[in-house]
Amino acid sequence: MFKFNEEKGQLKCSFCGKTQDQVRKLVAGPGVYICDECIELCTEIVEEELGTDEEVEIEEIPKPNEICSILDDYVIGQREAKKSLSVAVYNHYKRINSMSRSEDVELSKSNITLIGPTGSGKTLLAQTLARILNVPFAIADATSLTEAGYVGEDVENILLKLIQAADYDVEKAEKGIIYIDEIDKVARKSENPSITRDVSGEGVQQALLKILEGTTASVPPQGGRKHPHQEFIQIDTTNVLFICGGAFDGIEQIIKRRLGKKVIGFGTDDAKQDDLKPGEYLSKVLPEDLLRFGLIPEFIGRLPIISSLSPLDTDALVEILTKPKNALVKQYQKLLELDDVELEFTEDALREIANKAIERKTGARGLRSIIEGIMLDVMFDLPSREDAVKCIIHGACVTDDAPPILKSADGTELTLDKPKESA
């Protein structure tokens, strides 16, 4: 097993064959030896390979219009939000790749705030971005966070979710995206600082500051404080992109008051402000509005890009039902297709479903529960029936709970509750 020089009986390198007299150091392994020269050569080869991968990664960043185009496949509407997100994400990863070179100008990080009503697509936009860029992605809920030392989740647990999403590859996690949902719930109760401790509001904002800006954080691999002796994972958040989203209920009133102050007086165009629809005020949001809402100035400063999403109208919800690659109608059609049944939704049925979602104020998120209620009896009965080959969902199915129209192979109409008896 051991490599000896036949003449002198000396140990020699198992790779290059040089004896221990010909090299500075010989490292022993189980039955093999490697010299310092071979170690240096192997290190250079590995570094060259890693350098090649990094160059490929730089070339693979999609352009903003390409990112926006892919977002269009999954998210309906919200054009301005898509544009601002595409540019921000492109610049963020361009900045990361430029940091490997020695540059005179240092580019700062641009975290993003998404403001929009529930079900408008905030989370879906962030998820789709992570899928496009093929980077680790984690979703955190701000409502469960508390200041360190209090019952609840520490802010470091957000980073643990990202590390887990990267399969504990810290280097990969350091280039990931974190979406913090319900960020409006950590707003302090009033615009003015309070003398009482606000551990789940302003305290959380203070705790998030360094992570948002970029710091080396110590993350407990098992989470929480139950294992005080565990070794901590060190992660640098300088290149982690943070997207904070929330409904910010009540901020429209703050924006209205600010706009109202500017139009008081003679010769002002009051009608111009009155033309704005309820959801359109969000597009006028400024950092000062977030300050009045209850976010602290330091927190707002670390989220420089503010993008608003408008409430979805009936037409947009109908498009969401039918157009995206993972549209709900396509999903249910596929489910029934597996039972050899063709599913059809009439135009009036789609509009009634959309109107019901608007009435419930659940946005796109509420569409599935509405369709599930309509389709329950259909999906219960159809698998056991051999006579029905087509199912038509019409408007009355949504508004009056009427049964859908079933058709046989020869075009005969069937009833859902009374299966046709076979001869």
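Each residue's number is its place along the chain shown, starting with 1.
Placed from the backbone N, Cα and C atoms, the Cβ positions cover glycine too.
According to Swiss-Prot, the Zn(2+) binding site annotation covers Cys13, Cys16, Cys35, Cys38. Positions annotated as ATP binding site by Swiss-Prot, on the basis of sequence analysis: Pro117, Thr118, Gly119, Ser120, Gly121, Lys122, Thr123, Leu124. Look at Swiss-Prot and you will find 1-54 tagged as domain 'ClpX-type ZB', backed by sequence analysis.
Structure coloured by features recorded in Swiss-Prot.
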residue : record              : contacts (Cβ under 8 Å, 6+ apart)
Cys16   : Zn(2+) binding site : Cys35, Glu37, Cys38
Gly119  : ATP binding site    : Leu312, Ala357, Thr362, Gly363, Ala364, Arg365, Gly366
Ser120  : ATP binding site    : Gln78, Leu309, Ser310, Pro311, Leu312, Gly363, Ala364
Gly121  : ATP binding site    : Val75, Ile76, Gly77, Gln78, Ala81, Leu309, Leu312, Ala364
Thr123  : ATP binding site    : Ile139, Tyr179, Asp181, Gly245
Leu124  : ATP binding site    : Tyr74, Val75, Ala364
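Looking at Cys13, Cys38, the binding-site residues in this record, the fewest other C-beta atoms within 10 angstroms of the C-beta turn up around Cys38.
Looking only at Cα atoms, Cys13 (Zn(2+) binding site) sits nearest to Lys122 among the binding-site residues Pro117, Thr118, Lys122. Per-residue pLDDT, averaged over the domain 'ClpX-type ZB' (1-54), rounds to 75. Lys122 (ATP binding site) has a Cβ environment of 26 other Cβ atoms inside 10 Å.
Other Cβ atoms within 10 Å of the Cβ of Pro117 (ATP binding site) number 20 in total over all chains. Local packing around the Cβ, expressed as the count of other Cβ atoms within 10 angstroms, is greatest for Cys35 among the binding-site residues Cys35, Thr118.
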